[in-house]
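Enquirer: The transmembrane segment feature in TrEMBL is assigned to 7-24, 36-54, 66-87, 93-113, 125-142, 148-168, 180-199, 211-233, 240-263, 269-287. According to TrEMBL, the domain 'EamA' annotation covers 9-139, 150-285.
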Amino acid sequence: MGETKTLLRLAALALMWGSSFFWVKLGLTAFTPVQLVLIRVALGAVVLLTLCLLQRNRLPARPRVWLHLAVAALLHNALPFVLFAVGEKTVSSGITGVINSTTPLWTVLVALATGVDRTMSRPRLLGLGLGLTGVVLIFAPWQESGLLSWGALACIAAAISYGLVIVYEGRFLSDTGSSPLALAGAQMTMATGFVLLAMPAGGIAPVHPNPVAIVAIGVLGVFSTGIAFALNYQVIASEGAVAASMVGYLIPVVSVLLGAAFLHEGLNPRVLAGMIVVLAGVALTRLRGRVAATPPEPVPVAVTSDEATV
């Protein structure tokens, strides 16, 4: 029974995070990227803060923790969420989900560059090479019909931002004395403030809401942002970060299938091959010799799995 519950949680988490790119694409039919992200993080913050209140989890009290949370809110929520939304103006939701799955590659590169992780085994080196090769294969910059564009570069920049902040969070938010849920609520609240500050740059525009876009952005904020974070903590607490990290392999599959089934996004053999190569590379980067590596990752705080929140 316990194993069944865990599998259901993992499936629900993969569906909520994997579908986020689908909901973003639908939301962009009525809102600008900045408007969409503002509503998303605000709804996510309300959900997380409500859960904190119900569970009597107190927000951090130390100013230093809030300072680190500000960095995390910018690089783990506000900036990448906006970049992914900007990217999806021209990039399919399925491809965006695949780009998001490259986050562990950038995390390893940042950890190596900053000296946080000096372990570079042959499997990890091969994984980095494979993963980056998969990205190049997907975008095919040597072809006129390739998918490389400013939108694609924005999505890659978002994944790199995740890679940077994951290392930062592992160093500065791993032992704060506050619960992960409280940290997540505080962080999402600060992310809302950052996106609000960006409104003059890209959020002051006429809104033409439609029922589909309104439902999409509601699901994105409440389920794919707020509830998904809380559910991820439950999986980590009950099964560990390694089990939770397995969701990362399902996220691009869900995003690709939803895009193809409901948005009629075409897929060619080159893109499918690139996705497989990327996921194989990610799997290899998690190996340190014979021991599986679980670098601190994407959930916006201390207790984290190994995939980017989307």
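Quick reminder: no glycine exception, Cβ is built from N, Cα and C everywhere.
Curation does not apply to TrEMBL; its annotations are automatic.
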Enquirer: By DSSP, what is the split of the domain 'EamA' (9-139) into helix, strand and coil residues?
Expert: 103 helix, 0 strand, 28 coil
Enquirer: Taking the domain 'EamA' (9-139) alone, what is its mean pLDDT?
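Expert: Taking every residue of the domain 'EamA' (9-139) together, the mean pLDDT is 93.
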